[in-house]
Amino acid sequence: MASLPVNKIIPSSTTLLSSSNNNRRRNNSSIRCQKAVSPAAETAAVSPSVDAARLEPRVEERDGFWVLKEEFRSGINPAEKVKIEKDPMKLFIEDGISDLATLSMEEVDKSKHNKDDIDVRLKWLGLFHRRKHHYGRFMMRLKLPNGVTTSEQTRYLASVIKKYGKDGCADVTTRQNWQIRGVVLPDVPEIIKGLESVGLTSLQSGMDNVRNPVGNPLAGIDPHEIVDTRPFTNLISQFVTANSRGNLSITNLPRKWNPCVIGSHDLYEHPHINDLAYMPATKNGKFGFNLLVGGFFSIKRCEEAIPLDAWVSAEDVVPVCKAMLEAFRDLGFRGNRQKCRMMWLIDELGMEAFRGEVEKRMPEQVLERASSEELVQKDWERREYLGVHPQKQQGLSFVGLHIPVGRLQADEMEELARIADVYGSGELRLTVEQNIIIPNVENSKIDSLLNEPLLKERYSPEPPILMKGLVACTGSQFCGQAIIETKARALKVTEEVQRLVSVTRPVRMHWTGCPNSCGQVQVADIGFMGCMTRDENGKPCEGADVFVGGRIGSDSHLGDIYKKAVPCKDLVPVVAEILINQFGAVPREREEAE
């Protein structure tokens, strides 16, 4: 199947074929993960009558910044109050970060205003103060559309964390992104300049902003891709940050907002857990996308994305993104933070009314109905990308490397950059499973690449089968919201389970330190969500709620609770039991006896 070429962003037609003309609506039923919620999401296509007053925008533009109107400020959450006191983007637009960086942490803590700058507003610049566990240190999150980065960028990030010694490291995130750790405030202005010099930005990557646009990690090199997602994710990112200058029209959202563009039958991009997912589809011979909306995880509620009953052409990818963000900005809840994601707004308005609000914000105030000609083959078997695989370009291959729970040190990043230069084209690609792909490797160089010490000793293209699908959030080592330590524990538990049972196929296991579910446990075959519990002696200890049954792909499904509040020290036999009973694992002792 031919794909849309990278240099042809907006095709007038396409020869791509749909796998069938089935009804393309997903099942609107949703799996709740903590508390029961309104059934509105299940009947979203049936809109209640909406009072005209409810559709009055709650924000207005003042001096270039979008602010909440006075009449809508009753009952707002603390984050909204911080935004009203001073727009966080002023730290960037008016270079407030330079003045802030001259203050000691002691000086910062003397003023509520400065503390709010450090602990809240800096998140608009991608800086997260780790006050609880690493006082005075920051995590910095970037924008990396489609997960594509370069050896030069990787070296620069390595140079930043290297100076921080044991406090410095980097993580690959579940949105194909980099997070670097150990940053101190006085260094921030120079780091921001350094990012700009290598074509990177951290702008608008935290809090109530559009998060990193996810795309196919094999975009442009996959022999079976539907469309090259890189042009679209790049356009979305450029719009969101106004080419790294700051797009003030969408920096005061009610809550974060996650987009993705689907380019493969494999659905590597996980469309069902995004606020907006672009699903490839043709209509009247023209290439475009059907839209799914509202997928999200939170402490209170988890929902799969549902159809908007809308199709846009390739040239309307950014306009519909803009229209939806403006509708969310104008009408979304700003009270309880657990009820501020976009799906709550869809619930209240009903899908048709929400769709109408998006439509009237389109350039021509027209939003076409969904196409029946979806291009994703629903019976497609998801392919493995770890290891060596041929590209669509003759004589070239890509090599997928396993990065254990996504954690890297400076010297390892430098080595990866060197390897990308020596064996590939200087490009690296990050995946939502926290791994890295080296594309454009000449086939004649494959053997030499596989013999590199880094691949032999650390980042294997052929990891143990249970390690392949292992994902873990930051955990309590660095994150103040995490209840338990995750990364080291995920590796340790998996290693111990591997000694007990033998499995014949990968099993995706995800760890998250708290109910915010940054580790996306609900999409895993087996998921672990951190909690506090009690051991056999009644003493408090770290534990995990165990989820089972998450599915990805066209038959997506959010997992269900299997067992609550299991002490972490007791997880190994529980996991082994699940693997034997539900995934065909065999106890090692029986395997050896046979």
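Here the Cβ of each residue, glycine as well, is placed from N, Cα and C on the backbone.
Here is what Swiss-Prot records for this protein:
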- C473, C479, C514, C518: [4Fe-4S] cluster binding site (BINDING)
- C518: siroheme binding site (BINDING)
- 13-22: compositional bias 'Low complexity' (COMPBIAS)
- 13-36: region 'Disordered' (REGION)
- 1-32: transit peptide (TRANSIT)
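Highest local Cβ density among the binding-site residues C473, C479, C514, C518 belongs to C473, counted as other Cβ atoms within 10 Å over all protein chains shown. Apart from C473, C479, C514, C518, the [4Fe-4S] cluster site neighbourhood in this chain, defined by C-beta within 8 angstroms of the site C-beta centre, holds T474, G475, Q481, A482, T486, T512, G513, N516, S517, G519, G530. In this structure, C473 ([4Fe-4S] cluster binding site) belongs to neither helix nor strand by DSSP; it is coil.
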